[in-house]
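Enquirer: Before I ask anything, let me first share the structure, which is written out below as structure tokens.
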Amino acid sequence: MERYEVLEQIGKGSFGSALLVRHKQERKKYVLKKIRLARQSDRARRSAHQEMELISTVRNPFVVEYKDSWVEKGCYVCIVIGYCQGGDMTDTIKRACGVHFPEEKLCQWLVQLLMALDYLHSNHILHRDVKCSNIFLTKEQDIRLGDFGLAKILTSDDLTSSVVGTPSYMCPELLADIPYGSKSDIWSLGCCMYEMAAHKPPFKASDVQTLITKIHKLIMDPIPAMYSGSFRGLIKSMLRKNPELRPSANELLNHPHLQPYISMVYMKLESPRRSTFPLQFSERDATLKERRRSSFSNDRRLNPSVSDTEAGSVSSSGKASPTPMFNGRKVSEVTVGVVREEIVPQRQEEAKKQSGAARTPRVAGTSAKASTQRTVFKHELMKVSNPTERRRRVSLPLVVENPYTYESDITALCSLNSPDVSVNTPRFDKIAEFPEDIFQNQNRETASRREVARHSFSSPPCPPHGEDNSNGSITKDKCTVQKRSVSEVKQRRFDTSSYQQRAEALEGLLEFSAKLLQQERYDELGVLLKPFGAERVSSRETAIWLTKSFKEASV
């Protein structure tokens, strides 16, 4: 527990509480789930320990990330899992205020949930509590299935008979006290998809007996007609009364209606877009990444058809995520070829026309669609490009000799078009809400103008022949150049050890912060004050210098 800093309590229930914590070294937010053991039944204690052991073995991109777990003083089971900023699906439906989600979004969520359930069922794990409040969303609106408190590892007969779960999501065989298996999770998923589409649960009643009757007789309102017949048919197939007639997660993933969305989900898995650079690297991680890249390059040279997934690509967090499987094959083997046949010719023509532009590294301004297509067709782009130029993966922003060393990432940071500040400070140049006049002089200055400015500052211009320049007056243009050079020299000569200059800069920082606060621009204010942490390197001097530059540039 000493490795984490408690931020706030985000949930509380009869068995424990959920706390938002921050890892002190990683500076990353997690959720600490504390399950109380005192004054609980033996079954509840066993369930808590089982959840801790079970979730530590689960590794899937669409299941909540497991970080750590321990038993605290014999009174609490503590489980640290990944924090999903998007909240749960129940809150997402409430925030929609009756506005239906697009079918494309629902299909993407369905595919991600099916991949999570297929992974669990293939490992003989029953979730047994699939409901909207246990489906979480990341900041990018991706699914994470959580809460394994009622999960169970199946026995050899693949059936269980315990009556657990939420009544509104219980399958008919469970209510009839008939042994059930993985098809019970499919029923619960069908109820969730119905609720996502209709913004209300399929079976709802004021008392339990009426609810059971509605479930047994399948009494529910029709799914909104705005969705296609194929999509509505998928949901209805998951809500069949006979479990033998319900499709499995593997069979649903092979449905023709979901194939395009499987391709989209897999391409997003294969090439995650990174918006930040890691500030710290360990030598061990760098060595492993370098070996993996070297092995992957050798495999691709021997066999150009080798995909990133077969070579074992990793996400930006550094942990390998298992490739979703269905029908005995990897998703890449089933779907990527279909998309490639449709739009390869168009991409090859564009690559030939823009071969020069493709070699220029781009950091911002690319759309998600372009980034995704570039990921799928990186093999084709390599064929039409110059064979002598160095190749790079699209998830990296720059072409470097050794992409996985600490020095190369510093080189990538230095080559970005950003203010001359420490790499530990926030990226002010990426904040679109700042006024344009702050960076106007810096972006428009060229090397020739800087040279003229330096000369004009070091040696005053000679007066024209026949004119008396004893009063020191110069033309308007020359005065402007001289003013720029003075500001530039002041920025270069700013001494952080000077108390007077530090006081002036701090005063400017307070004025600038007060201005942001008055305009209710809290995001920019938070980014401006973020460098003042004790763990940063020269953060105060860097922030003072940067604020003084802003103040002088706005004069």
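Here the Cβ of each residue, glycine as well, is placed from N, Cα and C on the backbone.
Per Swiss-Prot, the features are:
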ACT_SITE  D129  active site, proton acceptor
BINDING   I10, G11, K12, G13, S14, F15, G16, S17, A18, K33  ATP binding site
COMPBIAS  304-320  compositional bias 'Polar residues'
DOMAIN    4-258  domain 'Protein kinase'
REGION    288-328  region 'Disordered'
REGION    346-372  region 'Disordered'
REGION    443-477  region 'Disordered'
Enquirer: Roughly how many Å separate the Cα of S14 (ATP binding site) from that of the residue listed as 'active site, proton acceptor', to the nearest whole number?
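Expert: Cα to Cα, S14 (ATP binding site) and the residue listed as 'active site, proton acceptor' are separated by 16 Å.
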Enquirer: Roughly how many Å lie between the Cα atoms of K12 (ATP binding site) and the residue listed as 'active site, proton acceptor', rounded to a whole value?
Expert: 18
Enquirer: Taking the binding-site residues one at a time (I10, A18), which has its Cβ surrounded by the most other Cβ atoms within 10 Å?
Expert: A18
Enquirer: Does DSSP give K12 (ATP binding site) helix, strand or coil?
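Expert: In three-state terms, K12 (ATP binding site) counts as strand.
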Enquirer: Of the residues named as ATP binders, I10, G11, K12, G13, S14, F15, G16, S17, A18, K33, how far apart in Å are the Cα atoms of the most distant pair?
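Expert: For the residues that bind ATP, the greatest Cα distance is 15 Å.
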Enquirer: In sequence order, which same-chain residues at least six apart have a C-beta under 8 angstroms from G16 (ATP binding site)?
Expert: K33, K34, I35, R36, Y76
Enquirer: Long-range neighbours only, meaning 6 or more apart in sequence with Cβ under 8 Å: which ones does the residue listed as 'active site, proton acceptor' have?
Expert: D147, G149, L150, A151, V164, G165, T166, Y169, S188
Enquirer: Quick one: what's DSSP say for A18 (ATP binding site), helix, strand or coil?
Expert: strand
Enquirer: Within 10 Å of the Cβ of K12 (ATP binding site), how many other Cβ atoms are there?
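Expert: Taking every protein chain into account, the count is 11.
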Enquirer: Just counting, how many other CB atoms are there within 10 A of the CB of S14 (ATP binding site)?
Expert: 7
